[in-house]
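The structure under discussion appears below in the form of structure tokens.
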Amino acid sequence: MMTWKTLMSPDSASPLMEQLTFLHDHALMILLMITVLVGYLMASLFFNKFNYRYLLEGQTIEMIWTILPAVILIFIALPSLRLLYLLDEVNNPLVTIKTIGHQWYWSYEYTDFANIEFDSYMIPSNEIEDYHFRLLDVDNRITVPYNSQIRMIVTAADVLHSWTIPTIGVKIDATPGRLNQISFLLNRTGIFFGQCSEICGANHSFMPIVMESISPEYFINWIHYMSEI
């Protein structure tokens, strides 16, 4: 979870987020090299005394500064395209969760297991305990097993929403009348927080997402408990 004065990306909890972090660092290093080179050239132009009144053209340098940016863009585009296809890849899912966005809460359905359904509302400020995070905790968390392929099917009942958890690298639009799907895998246990990232009305800021990653054995026990209530 992001906190105050956090300058870097949060620690990843999925292979997708790891790859997104690698792409970010790769692009940032290229930008840093470009910035240093251009800064050095501008500083040298300001402070040197070289001049040549008969210089009218430079075919070689013009060819270099045309081809070099194209090569740099290719170095950024190829990893980006690879990651774009990885994000859309749907492997054989062990668990399928249907997510429905409402104004202003989320509904979840585990249709693989006795059709478990529940709503997830933000805990109001006057009801939070010491172990809750204000404006980020919910009354019913999504629970998923780690090291298992999860498929999320997302839609909306009223207006556009966006189901987003930065730690696992997932952001998918919830569109009325349309089913979108995304696949992800969590590689560690933990509690991960997210929010709706599509402006969906007056209480857009108050429909958080909380996902709890647990072991498959505890997940089976949770499924039995939820199916009995």
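Just so it is clear, glycine is given a Cβ too, placed from its N, Cα and C backbone atoms.
Per TrEMBL, these features apply:
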type	residues	note
DOMAIN	1-91	domain 'Cytochrome oxidase subunit II transmembrane region profile'
TRANSMEM	27-47	transmembrane segment
TRANSMEM	67-87	transmembrane segment
DOMAIN	92-225	domain 'Cytochrome oxidase subunit II copper A binding'
The domain 'Cytochrome oxidase subunit II copper A binding' (92-225): DSSP-derived helix, strand, coil residue counts: 19 helix, 64 strand, 51 coil
Counts by DSSP class (helix H/G/I, strand E/B, coil) across the domain 'Cytochrome oxidase subunit II transmembrane region profile' (1-91): 63 helix, 0 strand, 28 coil
